[in-house]
Structure formats: C-alpha cells, structure tokens
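Over in TrEMBL, the protein carries these features:
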ACT_SITE  His104  active site, electrophile
ACT_SITE  Glu177  active site, proton acceptor
BINDING   Asn12, Trp13, Lys14, Gly183, Ser221, Gly242, Gly243  substrate binding site
Amino acid sequence: MTVTRTIWVLGNWKQNLLREPAAQLAEAVAAGLPGALGGVTGVRAGIAPTYLALDRVAPHTGDGVAAPRLLAQDVAAQDSGAFTGEVGPAMLREAHVSAAIIGHSERRAQFGDTDELVARKLASALAGGLDVVLCVGERLEQRDAGEHESVVISQLSAALAKLPPELEPSRVAVAYEPVWAIGTGRTATPEQASSMHAAIRAWLDAEGHRGADRSLLYGGSVKPTNATELLAAGDIDGFLVGGASLDPRSFLDIVTCAADHVRAS
Ligand SMILES: O=C[C@H](O)COP(=O)(O)O
C-alpha cells in the first residue's frame, strides 16, 4: 500500500522582520504559492512570523491548499494567567494561528525549554486546538559520539509518552533538526536525514503513535539546491526552513522542489 502523507514546507522566520517587511514577505509567498505548487495538492506551505507580525501576516494566509498556513514559533505551557511575557494557545488561535512550532533547538539551548517544558507546551497547544510541529535533534558532539538516535528518541519520548490519547497526538508532526546543521550551511546528508527519519518512524510505530501516517520534516540549511536530493532519499515529508524562508524566491523554489517530488512519485 502506498502511503500518501502531506509534504510540508514551513518557513520559520525566527526573530526577523518588522511588521511591514513581514507583511510584504507573506504577500509575496501567498502570491507565488499557486504557481510554485503548479496544481499539486499533496504539498502545503506554512509561515511562522514573530508574534507581533501575526496580524499583518494573517490576511495572506489560510487553511486552503493554495494558501500558506499561519504558524506560531512557540506557545505557552498554560492558557492564561500571571505568566509575564507568555502567549497562550487561545490567544494564538484568536490571531488565526492554526499550528505552533514547539521545542526548537534555539529555545531548548537558549531559553530553558527542557524536555519537561516542551511536553507541557505540547499538551497545552493540543488542548488549545493547535496542531504542532515538534522539533527534535542532536548536537554535534552527540552525533560524533554516536548518540544521535538515542538523543532524538529520548526527546520524542519525553514529549509524547505521557500525552493523554484524548489530546490527539496524531496532530503532531515531527521536525528532525540536527543542531549542527541549523544556520551553518552544513546540511545533513540525505542518508543521515533519511536514516534518522526511519528511526523516528519506527519508534512512533512501536509506541502506538502511527508513524506511517505522520509527516516527518527535516530542518537545517535547507535550500532550493539541496531540497530535491533530500526528498529523494525517502522518508522525508518536507522541511522546516529558516534562513532560506526569508527570501520569497528561495522559499517558493523549495515548494516547487516538493511539488516536483510529489508529481514524480
Ligand atoms: O527552524 C528552522 C531551522 O532552525 C533551520 O534553520 P536554517 O534553515 O536557517 O538552517
């Protein structure tokens, strides 16, 4: 049986762009997306601006197949209350956000997002009606020590193991982002990415999380020049793109690589 999973191309704009340039980038992505997709329906795009740009970006997004979906870069572990600086899932949904990135390595390394906090954010997002892109990935010294698979599986396990079934863990996509490949120009080889994705899918299946149905994204220096060979390696259902998503042409060219991949499959 052929499994057809949606291929996602998601742009994580990180802490970049004031409101007006963010709106302009969103408008350019939205305008170019139908052409980049070329009628292929198995590929979806999404963009994740800063919280403050959400309202300017939202008019250029949507849940239809030919519009970019609106994502948040993070979400609070609680819905509301005395939590200075936090933004909860209901607030994000009110801003037309339908999914959140959780556990990005920059948050894990620099902002205290431990496995335990990531698990609480995941539960909070799902309970609040958001879909989730859960980020996992090893640091360079962990890969060099041959610990990459155990590190990633341990991050996954910490996030998913205690999630109550009623929170629909099937609404969680996983983004494998080796830390050493983020913003460095050093991409994981297609074999490294594909092999990790196979390990993640096997673990999800073994733990009853329906790995076969779940989109597994790769992130780390993805560009139009390497997207095609990464997709061809197999088991890679799209990308979480950082730097290249700040240029509409680069981002849309990656979408075209994904559409060409689906068309050829
Ligand atoms: O969220 C995106 C990843 O951190 C990848 O960033 P990058 O494409 O700039 O390496």
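Here the Cβ of each residue, glycine as well, is placed from N, Cα and C on the backbone.
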Query raised in the report: Here are some binding-site residues: Asn12, Ser221. Which one has the most Cβ atoms within 10 Å of its Cβ?
Result: Asn12
Query - Nonlocal neighbours by CB distance (under 8 Å) for Trp13 (substrate binding site), same chain, sequence gap 6 or more - result: Ala22, Leu25, Ile47, Ala48, Pro49, Thr50, Gln73, Ser245, Leu246
Query raised in the report: Of Gly183, Gly242, Gly243, the binding-site residues given in the record, which has the fewest other CB atoms within 10 A of its CB?
Result: Gly183
Report task. Would you identify the secondary structure of Gly183 (substrate binding site) according to DSSP, in three states? Result -> coil
Report summary line: Rounded Cα distance, in Å, between Gly243 (substrate binding site) and the residue listed as 'active site, proton acceptor' is 14
Report task. State which of the following recorded positions has the fewest other Cβ atoms within 10 Å around its Cβ: Lys14, His104. Result -> Lys14
